[in-house]
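Chemist: Below is one structure. I have some questions about it.
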Amino acid sequence: MPVSRYAVFGHPVAHSLSPAIHADFGKQTGIALDYTAIDASLEDFSAALQRFADEGGKGANVTLPLKEAAYALASSLSDRARLAGAVNTLVRNDGQWQGDNTDGAGLVRDLTERQGLDLRGRRVLLLGAGGAARGVAPALLEAGITAMVVVNRSPERADALCDALGEPARVTSRYIEDLRELGDFELIVNATAAGRDRDAGAFALPLGLVNSLTAAVDLNYGDTAIAFLAWARAAQCRYAIDGLGMLVEQAAESFALWHGVRPDTDPVYAALRAREAVLISAD
């Protein structure tokens, strides 16, 4: 029986843990699969995705900066992908790509089940308004947060995200210059890629954003999350959480869409954390 082909598309994508995660899921469930990382720029993504389909690709994950492009290329969309305006999971069906977004479900599952946070009634600051932010915002609203403030370097994108969410009573956008005037938040989510250049100054955020309950969450993991989490710890946030748990949970959601079974994420998450600890101690 031929092995089904899957991939993660991004730019850059060599650092992605998704191939290792899905390999572990396959072993756990007894499903044979070939999952690779494919680097594609925005300009090359459409052609690269078509080549992948022509070569028998059955499904794909999509990461930065391609999530909104994947949304545009999908022939059909799930409700959560349509609401997000971004796609992180593609399923090949009858010669067409179906788009979904598992980011929000992955984040909420990690925060509520693994980290033990109660999101109900919480005030949330969302940094960023691109594909990553769009993917998680609807799920945070569904989880029962009381208010969300979206801040982005481009205020037009923040406004567009707020309009798309369609909940003006709960969701507002503010200028980045207004951060000192926003009060405090129980949840601060970094959905930007500002940490990629490892500039600690990228997150010189006002300490007034933090209260005694604040959880600071970076949707990135590894080196890209270092700067934001360093700020969170210096600001004495109660929790400083990277995106590794979300990554594993959204991957499990994607795996279930492709294969009809949801794998156990705990052993995969634990193995990745252990590997991370070994890498840090080896530095």
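Glycine is treated like the rest: Cβ placed from N, Cα and C.
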Chemist: Swiss-Prot has D79, G128, A129, G130, G131, A132 down as binding NADP(+); which of G222, G243, G245 does it also list for that site?
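Modeler: NADP(+) site check in Swiss-Prot: besides D79, G128, A129, G130, G131, A132, the record includes G243 out of G222, G243, G245.
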Chemist: Using only what Swiss-Prot says about shikimate binding by S16, L17, S18, N88, D103, identify which of T29, T63, T112 is listed for that site too.
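Modeler: My reading of Swiss-Prot gives T63 as the candidate in that site.
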Chemist: Roughly how many Å separate the Cα of G130 (NADP(+) binding site) from that of T63 (shikimate binding site), to the nearest whole number?
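Modeler: On Cα coordinates alone, these residues lie 11 Å apart.
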Chemist: Look up G130 (NADP(+) binding site) in the DSSP assignment and report helix, strand or coil.
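Modeler: SS state of G130 (NADP(+) binding site) = coil.
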Chemist: Find the one among the binding-site residues A129, G131, A132, G243 whose C-alpha lies closest to that of D103 (shikimate binding site).
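Modeler: The answer is A132.
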Chemist: Far apart in sequence but close in space: which same-chain residues, 6 or more away, have a Cβ under 8 Å from N88 (shikimate binding site)?
Modeler: N61, V62, T63, K67, A70, D100, N101, T102, D103, G131, G135, Q250, S254
Chemist: How many Å separate the Cα atoms of A129 (NADP(+) binding site) and S18 (shikimate binding site)?
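Modeler: So the Cα of S18 (shikimate binding site) lies 23 Å away from that of A129 (NADP(+) binding site).
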Chemist: Would you kindly give the Cα-Cα distance separating G128 (NADP(+) binding site) and S18 (shikimate binding site), rounded to the nearest Å?
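Modeler: The separation of the Cα atoms works out to 23 Å.
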